[in-house]
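Undergrad: According to Swiss-Prot, the protein carries these features:
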type    : residues                                                                          : note
BINDING : Gly24, Gly25, Gly26, Gly27, Asn28, Gly111, Thr112, Gly113, Glu142, Arg146, Asp190 : GTP binding site
REGION  : 333-362                                                                           : region 'Disordered'
Amino acid sequence: MTINLHRPDIAELKPRITVFGVGGGGGNAVNNMINAGLQGVDFVVANTDAQALAMSKAERVIQLGAAVTEGLGAGALPEVGQAAADECIDEIIDHLADSHMVFITAGMGGGTGTGAAPVVARAAREKGILTVGVVTKPFQFEGARRMKTAEAGIEELQKSVDTLIVIPNQNLFRIANEKTTFADAFAMADQVLYSGVASITDLMIKEGLINLDFADVRSVMHEMGRAMMGTGEASGEGRALAAAEAAIANPLLDETSMCGARGLLISITGGRDMTLFEVDEAANRIREEVDADANVIFGAIDDESLEGVIRVSVVATGIDRLASDVVQPSHSKFQKSVSSVRKNDSGINQTASHPQSSQLRSESMVETIESLEVEVSQSQPVEEMFSPKSQIFAKPTDTASTSSRSAATYPFGHGQSDIYGKISNASRIQVNSIPQQSTAAAVSMEATAHVLSEMTNIVEQSEEKQAQIQPYIAPARMPELKDFSPFTHGQGIHSSGLEQGPRSLWQRLKQSLTYREEIEPEARLEPAVKPLQNEESHIYNKNVQKVSSQDSSVYAPHRSTKLQSRALQDQRAFVNEEDQLEIPAFLRRQAN
């Protein structure tokens, strides 16, 4: 009796990933991925063009619509491509068997890719395969009709896939230069597909420090709508942050934003020198871009071949909003109001009921504000200087000339002082700070003009009252001897002579003879002011006379009382001096 021993059959438990290229663009993407050496995936190419299939490097190819197109292309007709795919649906399902995840890549805008890709996606979804679509949009120079066809195909494909990634070919100009060849540009676009597939393959196949499997990938990408993929590599100082920035800022992807992502898959790969702080820095930088409630799955892989380099791969899913909707929210009411204001030439928002009156009122307000601005800019505030309370120390000529000059320079209604100068400066600031071209100034210009007009009227009225009541105050100076009356001069000289001591007979005789000559008529207490030629200074002359009369009561000596006291002092001094003098006896006897 023979006993046969053999090993039991063990089913392969590793997930199977298939890259399905549809049409000419999909076939070229598969060829570029094969040339790049991507491992761990199966490649399938399906096309209606027999000549393009002959150039494919994939092991499995599908001739679509042999009876419909007879080996020719679809002629940029999506209906033909769809019919060709429906003809070969059984063969497509056979190639999708035993697959856990399928990437469908195609170029939108043509016939085969636009029409056949949704058919392949529906077949994969019906078999429960996680389906991810990676498609391109045509260039701008290919025309608007091809772009409309591509958008319609993308809309149809999105209904049949779990996650969709769109790469506009026009974005190739962001990274290309004048020396970039046409083939190299398409290879750059295919690099997005390659990096996304490679990152997911590494997560599911390679063993890492933080291991992820296909179940984690499915939870992030199942029925998530629009998505984005990105990979960044960096070395040197700050390499972790630089790699994360490059991963989330892929210039080739469609105008999408990670702010509304509901699922996030982060894969960080590095050598033995990758530190914990670098992993934390890169992961936190990416996590800041998504919603706080997003499903974040993180994986880390140790690869000895990446010594000194950190690679960060990101897959963000559930992005259903455009970047323009996130950055610039649209408010129809606000935009309508702004447009209506910009159409108004005068800068005031016009109402529908009275458009003509509002326009006239706004134009008059603008003219009033401009005139006020010119007048305020021409006026200069006068600095206030110290002056004594009395007007007796002021120079008469300076008073007259300054008064006339002040009246000529600052007419009534526009005179400036220290107090009102501040108000004028404030009004000037308000006038200059009104941007007449901005929408905010257009709304508030009416109220500002009303306030400025009221302020101007108040200033003019107060300045007129101030000019009528308050006289001109001359600058302070030290009084001189010539400013006093001649009687004061004589009194000072005579008093200085009394202080010298007893006088001789000749001095007394000389004093008695010259005493009456020294006494002059009553001195003028008021300064000799020249008559003002300007009639506007009449009020000022009255004010000066009133103040001078008040000062005379303080400084002017009373003539009657002063002369009497002076005569008594002279008689007493004469008697005392006569007794002190040595008069000869014969003169004394003759006098008696």
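Backbone N, Cα and C define each Cβ position, glycine as well.
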Undergrad: Taking every protein chain in this structure into account, which of the binding-site residues Gly24, Gly26 has the most other Cβ atoms within 10 Å of its Cβ?
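TA: Top count of Cβ atoms within 10 Å goes to Gly26.
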Undergrad: Inside 10 Å of the Cβ of Thr112 (GTP binding site), count up the other Cβ atoms and send me the figure.
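TA: 34, counting other Cβ atoms within 10 Å of Thr112 (GTP binding site).
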Undergrad: Same-chain residues six or more away whose CB lies under 8 A from the CB of Asn28 (GTP binding site)?
TA: Gly21, Phe186, Asp190
Undergrad: Do you know which of the binding-site residues Glu142, Asp190 has the most other C-beta atoms within 10 angstroms of its C-beta?
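TA: Selected residue: Asp190.
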Undergrad: Determine the C-alpha span of the GTP site listed in the record, that is the greatest distance between any two of Gly24, Gly25, Gly26, Gly27, Asn28, Gly111, Thr112, Gly113, Glu142, Arg146, Asp190, in Å to the nearest whole number.
TA: 21
Undergrad: When DSSP is mapped onto helix/strand/coil, what comes out for Glu142 (GTP binding site)?
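TA: The three-state answer is helix.
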